[in-house]
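First comes the structure, then the notes that go with it.
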Ligand SMILES: NC(=O)C1=CN([C@@H]2O[C@H](COP(=O)(O)OP(=O)(O)OC[C@H]3O[C@@H](n4cnc5c(N)ncnc54)[C@H](OP(=O)(O)O)[C@@H]3O)[C@@H](O)[C@H]2O)C=CC1
Ligand SMILES: CC(=O)[C@@H](O)[C@H](O)COP(=O)(O)O
Ligand SMILES: [Mn+2]
C-alpha cells in the first residue's frame, strides 16, 4: 500500500489525485492532506479519506475542523502546517499540487524527509530549480513529473541515456486566445481568459496558458527535471493537446506520448511508476474521430512571455525567481481586475529589466528576491 501526502487537495490537480487514489484504493491510501481556504470541500475530503494529518490556511479553520472531527485527526495551519504535511512520517510519496512558489519550503521538507515527490508544482522548480534538484540528488529522492508535458517526456525517455537525446519538443495549446492577434488581446476579459479550449485547470495556470507563460515555466521546469540546456528544449504549438510532448533522439527517431487531455493519466503514472495500472473504463484516444492534428511554430513576438522565460532561464541565478514572482503577482492582479491582460507582460518585463542578477543564489537569497519582487509588482 502506497501512503500518500497531498498538498493542494482542493484544487484541480488535488481533486483529480483523490479520484486516482479512490479508484485504486487497494494500492493507495491518503495519510495527510493540505489545502487553503476551501473548507467546505476539505471537510468532505477528510470524511471520505480519513487522513491522519490535515493542514488548512488559518488557525480559525483548523480549530473548527478539529472540533468536528475529534482527536483522531491532527489539524495544523499555515506555512508550518504545509511543511508538516509534506514531510509526514507515515507518507512515502508527497504530491505537490499547490500553486506557486509557496510550495518551495514544503517540497524541500518532503525531499529532506526522503519522500518520493510527484511534482505538479512547477513554480518551485522555476524559482529554485538548482536547490530542489541538488536536494533530491543528495537525499536520493525521485522527482516524478505530474505536469502532462513532462510526464510525456519522462515516458518517452523511459530510462534512455542522456547522451541519446537530441532535443525535447514541448507542445503548447496556445491557450484561450490561440486564434487571436495581439491587437485583439487589448480588451479581453478575465472570463474569456479563463476559458481554456482543452483543459479544465485552476485559475492561475489557465491565465499562464493564455499568456504562454505556462509554457515558459515548463521550459525551465524541463531544464531542471531532465538536466538539459535551453538549446535542447523547443516549443511547438499544437492546438489539440493530444500529443503531450516528444523527444527527438540523436538518430532522428522521435518518440511522442499521446492521449486525451486528462490529467488523471499523468497523475496516476506518477503514483504507479514504474508500473502502469489499468484505466480501461476511461475514454480512449480515437485518432480516426479526431482526423487531423495541427502544428505551428512558436512566435516569440506574439507570445512575449515565452521570450521572457527563455531569457530568464538562460540568464539563470535569481532571474527565474523574478520571472516567477512577478508573474504570480501580475496574474493575481489581472484576476482581480487591477491589470489588463497585456499589462501582465509589461509588469513582468519591468521587473526583469530592473533586477540585478545574483548568481548561484542560496535559499535565503531566493526568498528575499521573491519577497522584494512581490512587493514591487503589487504596486507597479
Ligand atoms: N490543473 C492542471 O491541470 C495542472 C496544474 N499544474 C500545476 O499544479 C499546481 C496546482 O495547479 P491547480 O491544481 O490547477 O491549482 P488550483 O488553483 O486548482 O489549486 C491550488 C491548490 O493549492 C491550495 N493552495 C494555494 N495556496 C495555498 C496556500 N498558501 N496554503 C495552502 N494551500 C494553498 C489551494 O487551496 P484552496 O483552494 O483550499 O485555497 C488548492 O488546493 C500548479 O503549480 C500548476 O501549475 C500542472 C499541470 C496541470
Ligand atoms: C495539463 C497541463 O499540463 C497544462 O500545463 C497544460 O499543458 C496547459 O496547456 P497549454 O499551456 O499548452 O495551453
Ligand atoms: Mn503542462
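Cβ coordinates come from backbone N, Cα and C, glycine included.
Annotation source TrEMBL lists NADPH binding site at 10, 11, 12, 13, 36, 38, 121, 123, 202. In the three-state DSSP scheme, residue 36 (NADPH binding site) falls into the coil class. Cβ neighbour count for residue 36 (NADPH binding site): 19 (other Cβ atoms within 10 Å of its Cβ, all protein chains included).
Cβ neighbour count for residue 149 (1-deoxy-D-xylulose 5-phosphate binding site) (all protein chains, 10 Å cutoff from its Cβ): 28. Under the DSSP three-state reduction, residue 149 (1-deoxy-D-xylulose 5-phosphate binding site) is assigned to helix. If you look up TrEMBL, you'll see 122, 148, 149, 173, 196, 209, 214, 215, 218 marked as 1-deoxy-D-xylulose 5-phosphate binding site.
Around the Cβ of residue 147 (Mn(2+) binding site), 28 further Cβ atoms fall within 10 Å across all displayed protein chains. What TrEMBL lists as Mn(2+) binding site is 147, 149, 218.
The domain '1-deoxy-D-xylulose 5-phosphate reductoisomerase N-terminal' annotation in TrEMBL covers 4-129.
Annotation source TrEMBL lists domain '1-deoxy-D-xylulose 5-phosphate reductoisomerase C-terminal' at 143-226. DSSP places the residues of the domain '1-deoxy-D-xylulose 5-phosphate reductoisomerase C-terminal' (143-226) in helix, strand and coil in these numbers: 46 helix, 11 strand, 27 coil.
As annotated by TrEMBL, domain 'DXP reductoisomerase C-terminal' applies to 258-375. DSSP labels the residues of the domain 'DXP reductoisomerase C-terminal' (258-375) in these numbers: 69 helix, 3 strand, 46 coil.
For ligand 3, none of the binding-site residues lies close by, meaning a CB under 6 A from one of its atoms; the full candidate list was 10, 12, 36, 196, 202.
Whole-number maximum of the Cα to Cα distances across the NADPH-binding residues 10, 11, 12, 13, 36, 38, 121, 123, 202: 21 angstrom. The Cβ of residue 12 (NADPH binding site) has 19 neighbouring Cβ atoms from other residues within 10 Å, across all protein chains displayed. With helix defined as DSSP H, G or I and strand as E or B, the domain '1-deoxy-D-xylulose 5-phosphate reductoisomerase N-terminal' (4-129) counts 63 helix, 27 strand, 36 coil.
Note: the Cα of residue 122 (1-deoxy-D-xylulose 5-phosphate binding site) and the Cα of residue 147 (Mn(2+) binding site) are spaced 8 Å from each other.
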